[in-house]
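These features come from TrEMBL:
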| type | residues | note |
| --- | --- | --- |
| COMPBIAS | 683-698 | compositional bias 'Low complexity' |
| REGION | 671-698 | region 'Disordered' |
| TRANSMEM | 51-84 | transmembrane segment |
| TRANSMEM | 105-129 | transmembrane segment |
| TRANSMEM | 135-161 | transmembrane segment |
| TRANSMEM | 173-193 | transmembrane segment |
| TRANSMEM | 223-243 | transmembrane segment |
| TRANSMEM | 264-284 | transmembrane segment |
| TRANSMEM | 329-355 | transmembrane segment |
| TRANSMEM | 376-398 | transmembrane segment |
| TRANSMEM | 404-426 | transmembrane segment |
| TRANSMEM | 447-465 | transmembrane segment |
| TRANSMEM | 471-489 | transmembrane segment |
Amino acid sequence: MRDFADRVKRLLVGRPVPSGALGETLLPKRIALPVFASDALSSVGYAPDEVIVTLAVAGVAATALSPWVAVAVVGVLLIVVASYRQTVHAYPSGGGDYEVVSTNLGSHAGLAVASALLVDYVLTVAVSISSGSSYLVTAVPAAAPYKVEIAVGVSTILALLNLRGTREAGGALAIPTYIYMIAIGALAVTGFVQEAMGTLGRAESSAFDVAAGPGWDAGLTGLAGAFLVLRAFSSGCAVLTGVEAISNGVPIFQRPKSKNAATTLLMLGGIAAAMLMSIIHLAGATGVHMVENPATQLTSHGLPVGEGYHQDPVIGQLAATVFAGFSPMFYLVTAVTGLILVLAANTAFNGFPVLASVLAADGFLPRQLTQRGDRLAYSNGILALWLGAIAFIVGFEADTNRLIQLYIVGVFISFTLSQIGMVRHWTRELATATGPRQRSRMRRSRIVNSIGLAATGLVLIVVLITKLTRGAWITLTIMAIIFLVMNRIHRHYDRVHEELAITDLHDSRVLPAHIHAIVLASSLHKPTLRALTYALSTNPTSIEALTVDIGDHRADRLLDDWDEADLQVPLTVLDSPYRDITRSVIAYVRSVRRESPRDLVVVFIPEYLVRHWWEQVLHNQMALRIKTALLFTPGVVVASVPWQLGAPGMRQARQERRLASAAGIVDADEAVRRGSRARRRGAGSPVGASAPGTGRRP
């Protein structure tokens, strides 16, 4: 069974990679850009849609504000990019926001950031893959009933790709990401040229009228209008997700790590800003209409278009308009946009495991998350992210509109706290710096981070106001639960460390007064003889065999076999009228401990090991239950004596036959000496054939 599982693992994950090859998995900028930027760049596939859909609630005239909303989003994006360029230089170890906030604001603030980022990474996978599966369903309507299954399957494939190692995942993602950037660039350039020449067509949806939602007949007026614009702005800020992943993934970059990470950040910001502005501008120039409910909000000649109308995403409408005379480019743009939305989840698969390993190293998450797998990836972190994403995908039925309401609140909490931490960091550094050029550089960095704090703090307030009741409360609740769990884990590790620490070396070296060995026996067979041999080889002060009589005459047969074999090891029989073997054994062992609390009791348990997994269900696992219960008994050591069923050959069989003789087990005189101190009383009512009430046969 183990060999089969190993072969399957090798097939899915690949052959193990030695630790010395870790440096070979580091990413150059040409690979790091598509790996880390795919999240922010892919959001161009749905962020413009969300801006236009939100504004369209107030009617078609309100969508004219979408370019100004995009300008505000781009402004925040560039400020955040500039701020995080300071972070990757000041904290290149890969802790990112968590390290910045923990160092400068304390561990509790650091845990708040960590919980926010962990949730946001999971939502990044869920939103990106759900949105990508929507593109597939658009192209293949017959797949609509299986949208959730498709999303789960794609997330599983992406997890397996990352389990094979970062370099393989990065190489696989680089080509489609670059094709996506080229395709969107070609769309933008072609559209601008057509606009300049006066040949730019109108989108198909421009022929429809947009009906304002209930209560919005007057358009964007008053406080409600301002609130709607802010809601559109907060939805557009989804473009900023993914910026923090680079600060968390600095260790994955090739040297010089900080410089390469900062350069990649700058490229990400510039490309994302250009793409967002281009799409929003062309959407307005071609008259693209996007609404939340096209069946009722889009009208033609005063009548709703009805349920039969399918609304394409903004990029799909633009591609159909700009490349109206060249259909291959239309299919290329829509295909790579859908693909990049799926591959954007890879940013989280790179950032989440690194952050989880840092938290685990600090004792806030299970230590297993610090271990690298066969392919030098943080396998446990990848699996944890995969399970969390599947939970959201299944729970929200892969509905992007519902999932996106939970999105970005976590990342802006981390943005804001990180900027506070960076401002404090530069203030602290300025207090000790003496060089004029150094102080001038630190002041500039502090100003940049102060501007970043103001911008991200404002966006966080807007997000909380506009999205709290629409789903952000779920994100905040999960963050709070993760925060509490991490605190409990940390307290557990502190308690374990305190309990295991050596306080008095002399007391730790004190040996037990005596060692009493107990060998469990259900019948006299080879495993029992092997356990007796092993027990005697440890040279205990006293030894006895122990069995439980549950009224099925097996204990009587064992007593007869014991006498016939002339084994010079005392056998104790415990009477269990309620047929509870485990409780009887535990009670007896504890009674031995009570009689001699300074003695050490070693219980030897013979165990069968089967060759095939299905054979496991044919055995009652009594040894495992007894062992598990004894492990929690102070002053008792449990020793498993395995017997591999079906594995030994004739040589071992001959050896066991020799051991089956009384002389092969133990010298009789030595056994008498060791058994002289054997206890004569069992738990409950011992029963023996030789002397009722003693339950023991010498």
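Cβ coordinates come from backbone N, Cα and C, glycine included.
Contacts between the transmembrane segment (135-161) and the transmembrane segment (51-84): absent, as fewer than 3 C-beta pairs lie under 8 angstroms at sequence separation of six or more. Long-range contacts of the transmembrane segment (223-243) within its own chain (CB-CB distance under 8 A, at least 6 residues past either end) are made by residues 36-41, 43-44, 46-48, 50-51, 54-55, 57-58, 62, 65-66, 69-70, 72-73, 76-77, 80-81, 84, 120, 124, 215-216, 265, 268-269, 272, 276, 344, 347, 404, 407-408, 411-412, 415, 459, 462-463, 465-467. Counted over residue pairs 6 or more apart, the CB atoms of the transmembrane segment (51-84) and the transmembrane segment (447-465) come under 8 Å in at least three pairs, which marks the two as touching. It is 105-129 that, among the stretches 105-129, 264-284, 376-398, 404-426, forms the most Cβ pairs under 8 Å with the transmembrane segment (329-355). Counting Cβ pairs closer than 8 Å and at least 6 residues apart in sequence, the transmembrane segment (105-129) and the transmembrane segment (264-284) reach fewer than three and form no contact. The stretch with the most CB contacts under 8 Å to the transmembrane segment (447-465), chosen from 173-193, 264-284, 376-398, 404-426, 471-489, is 404-426. Through the fold, the transmembrane segment (264-284) approaches residues 29, 32-33, 36-37, 40-41, 43-44, 47-48, 51-52, 63-64, 66-67, 69-71, 73-74, 77-78, 80-81, 84-85, 88, 181, 184-185, 187-188, 191-192, 195, 203, 236, 239, 242-243, 246, 253, 314-315, 317-318, 322 of its own chain, all at least 6 residues removed from its boundaries and within a Cβ separation under 8 Å.
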